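Some notes on the structure that comes next.
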Amino acid sequence: MTMLIKGGRVLNPATQMDEVADVYVENGYVAKIGKDLKEKVDRVIEAKGYYVMPGFIDMHVHFRDPGFEEKETVITGMHAAAHGGFTTVLAMPNTKPVVDNPDVVNYVHNKARSERGIHVLQVGAVTKGQKGTELADIEGMVEAGSPAISEDGKSVMNTQIYAEAMKKAAKLGIPVLAHCEDINLVNGGVMNSDSKSKELGLPGICNAVEDIIIARDIMLAKETGCKLHLCHCSTKDSVTMVQHAKMEGIKVSAEVCPHHFTLTSDDIKEYVPEIENGIMIPQDVDADTNYKMNPPLRTKADVQALKEGLRDGIMDVISTDHAPHTFQDKNTSMKKAPFGIVGLETAACLTYSELVLGGYLTPMQMAEKMSYNAAKILEMDRGDIQPGKAADIVIFDPKAVYKIDKNKFASKGRNTPFHGREVTGKVMYTICDGDIVFEEKGN
Ligand SMILES: NC(=O)N[C@@H](CC(=O)O)C(=O)O
Ligand SMILES: [Zn+2]
Ligand SMILES: [Zn+2]
């Protein structure tokens, strides 16, 4: 299979190339980049006016497979990722059973390989059953292809056990992806602790819930020498701490999710009655649970700090924390609903609308945060459009203006606070190993 991507603006962070050029793809690899290439090919893609960027890499998704297939499966998750411009994703291990041994890693990898699509890499849990008491088979999972370990969904509260895991990770050369949440301090909170939580009469989650564990984990990384990657940073002080840690030479990287740089807790809407498949609206609704995620939406000051942190290169990566839930799961009160929102199919347009049009990121930086930087952290030979490299490419229309429609998602999850939001920027094609895995048909 050969392909010519004609006349797009090629944005490649690895070489800092930012030029209108043609990209010639052959047998899954980029073969040539240049002006007016004349190769005879099976498929020509007209990319005039579009960005041609390395396929996005999401360091943080939940595919719910095995165990919660009603929310998402490896296959539906792969489709959602392709729709969103992602060619590689890291799946978190909080499934049923928990991914704490090589058999479950192999199950996910085999399922992903059975479908033509994007790359799914299964992250291994830190402890057995995510119970926080006994280390999982970390070596076995890394041997089976896990690119990292994480206890995402919770923090390993026992510092001694976490330090042991970090030492192993350092030895194996893999990063630890840290969900930072002091479980004792959460105390039943369901949203950020601020004037909005008071207004809604809901228990709050203070910034210290996150910040305390970020501080602890940075110190543990310093002690153990492991590569620490901080998941879904949402607070102002997380940015300051990452900046200080980097200045000290500690091996730390950090991610921010689109919802955390786009919304504040003041955006939390009242519950708008909606009936799906004849399911009645519960009586005890208080607010729209599609605004409930962990960490929660914070304040303006936090959002501002996150945007500036991304702009200034303190925060490295934009990840989605794609966390699908069923309509039934979310169709209840803020206290009862599970935390989490979907993100794969809204990440690129939100990043472009909020950060590029907002003046925080250049298009090149967008490509860095959504692809290249993750590849560097994971030491993966992807996220780079050059001859000889795998043809993982996203073609993005920076002019398209439209409203997000959750009913068009490929994900099983419809739990988004962004339904109906007007955005700019659309994924037109996703190409993985030279195959077109998504093509916008304009419906
Ligand atoms: N982020 C969330 O709100 N939920 C995640 C867990 C997690 O990422 O911590 C989930 O698995 O649903
Ligand atoms: Zn988490
Ligand atoms: Zn998560």
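Cβ atoms here come from the backbone N, Cα and C positions, even for glycine.
Look at TrEMBL and you will find 52-238 tagged as domain 'Dihydroorotase catalytic'.
In three-state terms derived from DSSP, Asp321 (Zn(2+) 1 binding site) belongs to neither a helical nor a strand segment and is classed as coil. The Cβ of Asp321 (Zn(2+) 1 binding site) lies under 8 Å from the Cβ of His60, Val61, His62, Cys231, His232, Cys257, Met293, Gly340, Ile341, Gly343, each on the same chain and at least six residues away in sequence. The feature Zn(2+) 1 binding site is assigned by TrEMBL to His60, His62, Asp152, Asp321.
Other C-beta atoms found within 10 angstroms of the C-beta of Arg64 (substrate binding site) number 27, with every protein chain shown included. The substrate binding site annotation in TrEMBL covers His62, Phe63, Arg64, Asn94, Asn294, His325, Phe339, Gly340.
What TrEMBL records for Asp152, His179, His232 is Zn(2+) 2 binding site. Under the DSSP three-state reduction, His232 (Zn(2+) 2 binding site) is assigned to coil, being neither helix nor strand.
The active site feature in TrEMBL is assigned to Asp321.
Within 8 Å of the Cβ centroid of the Zn(2+) 1 site, not counting the listed residues His60, His62, Asp152, Asp321, the chain contributes Val61, Met92, Gly153, His179, Cys231, His232, Ser319, Thr320, His322, Ala323. Taking a Cβ distance under 6 Å to any atom of ligand 2 as the criterion, the binding-site residues His62, Arg64, Asn94, Asp152, Phe339, Gly340 reduce to Asp152. Mean pLDDT, taken over the domain 'Dihydroorotase catalytic' (52-238), works out to 98 on the 0 to 100 scale.
Each residue contributes its Cα atom, and for Asn294 (substrate binding site) and His179 (Zn(2+) 2 binding site) these two points are 10 Å apart. Here the binding-site residues are His60, His179, and the one with the most other Cβ atoms within 10 Å of its Cβ is His60. The two recorded residues, Asn94 (substrate binding site) and Asp152 (Zn(2+) 1 binding site), have Cα atoms 7 Å apart. Checked against ligand 3, the binding-site residues Phe63, Asn94, Asp152, Asn294, Asp321, His325 give Asp152, Asp321 as the ones with a Cβ under 6 Å from it, listed in sequence order.
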